[in-house]
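Peer 1: OK, TrEMBL features for this one:
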- 71-471: domain 'Cation/H+ exchanger transmembrane' (DOMAIN)
- 62-80: transmembrane segment (TRANSMEM)
- 86-104: transmembrane segment (TRANSMEM)
- 125-142: transmembrane segment (TRANSMEM)
- 154-177: transmembrane segment (TRANSMEM)
- 189-212: transmembrane segment (TRANSMEM)
- 263-286: transmembrane segment (TRANSMEM)
- 316-334: transmembrane segment (TRANSMEM)
- 354-373: transmembrane segment (TRANSMEM)
- 379-404: transmembrane segment (TRANSMEM)
- 416-433: transmembrane segment (TRANSMEM)
- 453-474: transmembrane segment (TRANSMEM)
Amino acid sequence: MGEKMAEEERFPNTTHEGFNVTLHTTLVVTTKLVLPTPGKPILPVQTGEQAQQEEQSSGMTIFFSLLVLAICIILVHLLIRYRLHFLPESVAVVSLGILMGAVIKIIEFKKLANWKEEEMFRPNMFFLLLLPPIIFESGYSLHKGNFFQNIGSITLFAVFGTAISAFVVGGGIYFLGQADVISKLNMTDSFAFGSLISAVDPVATIAIFNALHVDPVLNMLVFGESILNDAVSIVLTNTAEGLTRKNMSDVSGWQTFLQALDYFLKMFFGSAALGTLTGLISALVLKHIDLRKTPSLEFGMMIIFAYLPYGLAEGISLSGIMAILFSGIVMSHYTHHNLSPVTQILMQQTLRTVAFLCETCVFAFLGLSIFSFPHKFEISFVIWCIVLVLFGRAVNIFPLSYLLNFFRDHKITPKMMFIMWFSGLRGAIPYALSLHLDLEPMEKRQLIGTTTIVIVLFTILLLGGSTMPLIRLMDIEDTKARRRNKKDVNLSKTEKMGNTVESEHLSELTEEEYEAHYIRRQDLKGFVWLDAKYLNPFFTRRLTQEDLHHGRIQMKTLTNKWYEEVRQGPSGSEDDEQELL
């Protein structure tokens, strides 16, 4: 009865017109609730004149980047041609970038041209286009024998050592700011800066190590640490940025630490698992889908699998750098041996070339940033940061080395420890991460960026330039090669990688040869034994004698075809043919 009266109150005039109006209104409201609202566009769509201006701006940026790359390639060629092997290429490219930045600044001052937008380094371009090939090539070209033999030491230095360095630098900056010694940064911003500046990039040092034939264990410890360290540093920086975005005012310091640790572990192990899984899937795909008779398709599939984990990891909020690093290591260890010999060589050389171009571009723009970046220079902040960076590296290397010597057969000597500490150069990743930080106000961001650039240039030019005399002074150099190196020390990474093809990446073991080399060996232990006994046979294709014969015929056919094209060229002659033979 009450419900009926309420209904009469809602519809006092129960005429057809009133009912129709009410029904129409109800249907309209219902329709509005049912129909889905149109989704917002992910990216702004630009049309007309605005799109044309954007296209012109992007075209000029591409032109400027390619022009800078071309000039750097000419510089590297001159270094090789005139045998200026004592100068690391990274140092030369950074110096050239500084010189080009000065010239551009003079041109802009004279109002002859305006390239401010083109010469600015864009972090998104670095993380999406330049960094993935560099990291993937590092993992793919890794000497896996020395790497897996020292995997425990490398992991300890790269993960725990980087975390120690980040906490030392970040904590030092925070407490110095609280004491009004330097500019104040809050805890998360201090930790973010400590994380990004802990990424080491010893490109010049590795070139010197290879030229002087230093202890291969020292070489692998420095190189292996730098590979994993980059990914760890990026994950730590992302962790600090994630804490900055959250409202942590009502959270205690211990809870903040636990949240940061949880985020880091999820990012690290989740990304590593994703990259490993992608690499294993690529090995199974190319094992069971035989593309060796069509190298172009095989090479295309490898390129897809190379970039696939990066895009997937970034899409699900993991670390693409960590994923693509582990994917490169796994694909090099398993997938590479399912390829034809032609694709193996093509993959190796292509990755080296692309990584060289990306590294060169980054180092050139690093030099350009001296004049293109809006700076805020604070001498006390810079000096204290350099002191903290060196101290954090020392706290990382020396205690962990002494700890590892209790478990290592090949001990890390005090001289090796000192060289490892001294070789902690900073490179492109800290610079790009500093530009990627979302800090407010703008003066704080400029201070972090300027300080990062100064530290990177200080370590590359000063520490990198003095590594060779230090190694010779401390007598780290291999005794057998010392006489030869005094006459010819070649620090050109480009020349060496163009003249060699790593035999480790050429798989020509048949089933019987593999069993004789690995399965029947009694000295294999741990993961190496598990890999040789079960994993490698499952994920890789062992060659038969027929496959081996076909591969050699394919290589010989391509070589003969190339030779015929050379003979038929306009400059071909009998003398040239004899010289080539």
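For all residues, glycine too, the Cβ spot is worked out from N, Cα and C.
Remember, predicted model here, so these are calculated numbers, not experimental data.
Could you place these features in context, so I can see how deep they sit and what lies close by?
Peer 2: Distant neighbours of the transmembrane segment (154-177): 147, 183-187, 190-195, 197-199, 220-221, 224-225, 227-229, 232-233, 236, 268, 384-385, 388-389, 391-393, 395-397, 400, 403-404; these residues of the same chain sit at least 6 beyond its ends, with a Cβ under 8 Å from one of its Cβ atoms.
A Cβ distance under 8 Å defines the sequence-distant neighbours of the transmembrane segment (263-286), meaning residues of its chain 6+ beyond its ends; these are 159, 231-232, 235-236, 238-239, 242-243, 298, 301-302, 305, 308-309, 312-313, 318-331, 334-335, 338-339, 539-540.
Sequence-distant contacts of the transmembrane segment (379-404) (same chain, at least 6 residues past either end, Cβ-Cβ under 8 Å): 152-153, 156-157, 160-162, 164-166, 168-169, 172-173, 176, 181-183, 194, 197-198, 412, 416-417, 420-421, 424, 426, 447, 450-451, 454-455, 458.
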Peer 1: Given the transmembrane segment (354-373), which of the listed stretches 125-142, 316-334, 416-433 has the most Cβ pairs that are under 8 Å apart from it?
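Peer 2: Counting Cβ pairs under 8 Å, the winner is 125-142.
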Peer 1: Relative to the transmembrane segment (316-334), which of 125-142, 416-433, 453-474 accounts for the most Cβ pairs at distances under 8 Å?
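Peer 2: Between the stretches 125-142, 416-433, 453-474, 125-142 has the largest tally.
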